[in-house]
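Peer 1: Take this structure first; my questions come after.
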Amino acid sequence: MKKPIVQLLLIFTIVSIVLFLLNTSYISLYTFVGALWSITIVGISFVIFIENRSPQSTLAWFLVLALLPIIGVLLYAIFGRSRWRRKKHLHRSEEQRKLFREILEGRRLELLLTVPLNERSIHLTEVIQKFGGGPAADRTTTKLLTNGDQTFSEILRAIEQAKHHIHIQYYIYKSDEIGTKVRDALIQKAKDGVIVRFLYDGLGSNTLRRRFLQPMKEAGIEIVEFDPIFSAWLLETVNYRNHRKIVIVDGEIGFTGGLNVGDEYLGRSKKFPVWRDSHLKIEGKALYKLQAIFLEDWLYASSGLNTYSWDQFMNRQYFPGKEISNAEGAVQIVASGPSSDDKSIRNTLLAVMGSAKKSIWIATPYFIPDQETLTLLRLSAIAGIDVRILYPGKSDSIISDQASQSYFTPLLKAGASIYSYKDGFMHAKIVLVDDTIATIGTANMDVRSFELNYEIISVLYESKTVHDIKRDFEEDFKHSTEIKWNSFQKRSIKKRILESFMRLISPLL
């Protein structure tokens, strides 16, 4: 089943024809429709079986198809993984990895580490590069941006300073007050002669309308939608979304992290008057990788719409090689997605957390780890490492919230500490290890970020920003409630059943 939604539409078309032709025979119609549904369910089950998914995901799909067949088929049409699209993404990966290697080959001497790092950090940079991450870059400065006010102020300031190009990419971009403010800043720079490229995800930014985008097009801004959910086939599966958030100005200043563009990310919503998030500003050599990732996504999403090629971007205007001579530490940027089987971000997080000797602190809005991640955290806690997980006390997803809590029992019993952020919504995606190494980016601690979404994280080694991250953690803990095992185990049977059910269906979504 290359396109599940197409098969469903064909099925319902056939059923409609049969309803018209066989309206005199209720029994025949009932038998025919029943047989048709049975064949569909068996076919979907076979596809799921041969895809070699995780046992949890396979079991979840089988149970839903068996117990709720109609709902199960509809869910598969929307959330099922499309093999033809998977192959398309894998083909993209191979081509673009080769091109990125060419970029790095031309900058090999520039990318050699010159700042001394400790032995563990050096080892991690080498391991992560084998996982598919870019080379670690020194002569790069980073600045932690806490929450939306700091982040959007810095981004707007950088946009205002742009001289050659602005590349902007978001999963969610809303046409509200801050979205309009950023848009108008881009329009002004485009009118000034700056090249502006705007890339947004077809699902996350599905509320963007023509009347909002038209002034951008009229100003000369190039706009591309990443994998539209509506196409000539009416509806695509919603998997394989681009969850990355990237802004690059002149190849010299970059931004990435947890924040999308919208008023709610500034704490302007009634539901979440406080939106706790973290973003990162990057200047220096690490921009090589960030720029390459944006261009990979741009060339993929715009294929067929224009005649761009990598050759047009392989120059100093897009890869200027700006260096910050007095910078400390190093930065390593890692990207992953369905275009690779490497699970680069998941493996990077495992390597970073697995190197811990004293502490592992995690902030994530959704905690639905795979078995390897859960086992590592549990064993680390048993070994006496200070394992802490900070998650939102009030979530924007009941499924993720309840599913997350189903993983708390083995961690609490192992000695880990879990904190529920009580001031608002905790949306930061950060890992801090031993106060010396940290990761910050777009990836949640869940299977969707590890396997299905296009994500990006930055690994920070021995820099001031790592200490700033620790400072934010310590402040966040003050605004959180620690979940104690004695009280947590007293949850009602109804609550435990709900958690288990949400955990069961979470691999589907």
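Quick reminder: no glycine exception, Cβ is built from N, Cα and C everywhere.
Annotation source Swiss-Prot lists transmembrane segment at 4-24, 30-50, 59-79, citing sequence analysis. Annotation source Swiss-Prot lists domain 'PLD phosphodiesterase 1' at 238-265. Taken from Swiss-Prot, the feature active site applies to His243, Lys245, Asp250, His427, Lys429, Asp434, supported by sequence analysis. The domain 'PLD phosphodiesterase 2' annotation in Swiss-Prot covers 422-449 and rests on sequence analysis.
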Peer 1: His243 (active site) has how many other Cβ neighbours within 10 Å of its own Cβ?
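Peer 2: Around His243 (active site), other Cβ atoms within 10 Å: 23.
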Peer 1: Tally of helix, strand and coil residues over the domain 'PLD phosphodiesterase 1' (238-265) according to DSSP?
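Peer 2: Breakdown, helix to coil: 3 helix, 11 strand, 14 coil.
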Peer 1: Please work out the helix, strand and coil residue numbers for the domain 'PLD phosphodiesterase 2' (422-449) from the DSSP assignment.
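Peer 2: Per DSSP, the residues of the domain 'PLD phosphodiesterase 2' (422-449) fall into 3 helix, 13 strand, 12 coil.
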Peer 1: Which chain-mates of Asp250 (active site) that are at least 6 residues away have a CB under 8 A from its CB, listed by sequence?
Peer 2: Ala162, Lys163, His164, His165, Ile166, Pro320
Peer 1: If one measures from the C-alpha of Lys429 (active site) to the C-alpha of His243 (active site), what distance in angstrom results, rounded to a whole number?
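Peer 2: With the alpha carbons as reference points, the distance is 13 Å.
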Peer 1: Fill in the CA-CA distance, Lys245 (active site) to His427 (active site), as an integer in Å.
Peer 2: 14
